[in-house]
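Have a look at the structure below before the remarks.
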Amino acid sequence: MKKTIAIMSAILVVQVLGIILWACQKDNFYWDEYYTLERAHYVSEKNENDHYIIDDDRFNYNTWIDAKVVRDTLIVDDKSSVLYDDFFLTLSKLFKTNSYSVLLNIITYVIAPGKITYWPSVILNIILFILNQIVLFCLSKNIFHDDFWGYTVISFYGFSALCISMTTFVRFYMLATLMTTMFTFLHCLYWNCKEEQFARKSLLLVGTLICLLIGYNNAQFVIIYAFFFIISFTVLLWVCKGPKISMYYFAPIAIIGIGFIAKKTNIFNVLANFNEIGNMANQAGALGWFIGQIYTFRLNMLPGRMKDIYVIFGEKLFGNVALLCLYFVVIAFGKIIKTDEKSIGKEQFTIIFPVVFYLAFFTAFGLYGQIRYISFVFPEVALILMGVLYQLYGSGKNIKKVVLIFLIAQVIVVNLSGNIDMLYIGDKDRIDNIKEQSIDSIIMTRKSFMPFAVYQSSLIGDDETQLMVYDDQNTNDISTQLRDKMLILVEDENMDIVNYLKGKEYSVKNIGNTYYFKVFTAEK
């Protein structure tokens, strides 16, 4: 046990240091990250609002607003900390709402009150990552009955580009990952229960439902993985242990699950109005996008999407497609020489089937476009990939040497390739250069990601800065509100505001860019 703890600790220390080193290079926020900060601010009962800044009563297009008003919606201070709310009310929010927002609110208030920074989220994600690695090791040990392969699985996942990306991302996906891994692990424990252990099995079922509830409240696609998992698990129980045991598991899950889905989702309304699915696909938001991807699916899309997912696996899990190809070579070699094959037991199939179905579903319908939507099943993917090697080669010294070399190569390739998402390296210097202009009036053009634009611009200025969103369709005339010197933020190629100011005899000059904006000065 001491040896196991020592090796686990060493692996985790190296992985956490790697995550911190990558986090230190983070120079800007992705727009979803601003929404995470905003939700952490509004989760307290002291805040009656829960909305984007553009829906705030103090915000109007073609009207100046203080940057401080915007910045205050992205921080946690005495006025917005849940630590001053009723304790039991806060505790209930961990199960009733987005629990990540509650946890982030607490950590932000403790280590960075009143500041806009990504570090509280990174620290929270590291804690969740460590917990996930411990559960993943226990899950691997339960299947392989071999510490080495447990170390291999947590190393393969923990050193991957995807894992680092999700841990440095100011978002809830590491919590969803932990809940998914726990959901899977508890099912494996359930599989190993004897028929007469009714109380133990009941507790495990309650645990899986709690994991599913928390996972869904943070990342709704978790429920799709759970659906495939429950169906696969029920079938395997029926085949391997009989229909009675299978129904003892499935009946309560189905009753509670259907009730939960009916209350929490719109799926039954979608099914009842299936002829309207085309209209639903055009709706804004995640549901509209999700339905649209399925509605517009054509079989000729499959080859390209299969290629895409292959590249994603290569770059985000292995570090490079070439290393993924090498993995397949090792598998092929193992099939040819047929060495000391091992049987890992039927419980691994309870993991293989739902993961394969989940990834096949997301691949077919192109739902992997945002890789974070499939990120929370990657610990199980790592377990399956290492399980294939174990199945082919057993636990001989030679395969262990090959795996160690393979993992070292993965670490090197991941850190050299730089396939870590949402860091925007270099943007801090670019933003600092823009700040040196010392201009306290910023105008931007109305676009689709308007809340993000407002949040981003508030960081370019300070508490004395004022912001305005220009909308040429708005009845408010801005000509009387223009100032002698202003910063202009332009998204994409939308130059309406630049052309408008040139028509007003302003001298407009491009002074720099961020990863999303072109920045101009406008002077009379």
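Positions of Cβ are set from backbone N, Cα and C atoms, glycine also.
These numbers come from a predicted model, not from an experiment.
Sequence annotations record features per position, and here TrEMBL assigns transmembrane segment to 6-24, 118-139, 148-167, 173-191, 198-216, 222-240, 247-268, 280-297, 317-337, 349-368, 373-393, 405-425.
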- [ ] Six or more residues out from either end of the transmembrane segment (317-337), which same-chain residues have a Cβ under 8 Å from its Cβ atoms?
- [x] 156, 160-162, 310-311, 378, 381-382, 385, 388-389, 392-393, 402, 406, 409-414, 417, 419
TODO: Run the contact check on the transmembrane segment (405-425) against the transmembrane segment (118-139): 3 or more C-beta pairs under 8 Å, excluding pairs closer than 6 in sequence.
DONE: no
Task: Contact between the transmembrane segment (349-368) and the transmembrane segment (6-24) (3 or more Cβ pairs under 8 Å, separation 6+) - done: no
- [ ] Give residue numbers and ranges for long-range contacts of the transmembrane segment (198-216): same chain, 6 or more residues beyond its ends, CB-CB under 8 A.
- [x] 94-95, 99, 175-176, 179-180, 182-183, 186-187, 189-190, 222-223, 226, 248-249, 252-253, 256, 260, 264, 376
Open item on the list: Restricting to CB pairs under 8 Å, which listed stretch, 6-24, 118-139, 173-191, 373-393, is in contact most with the transmembrane segment (148-167)?
Closed with: 373-393
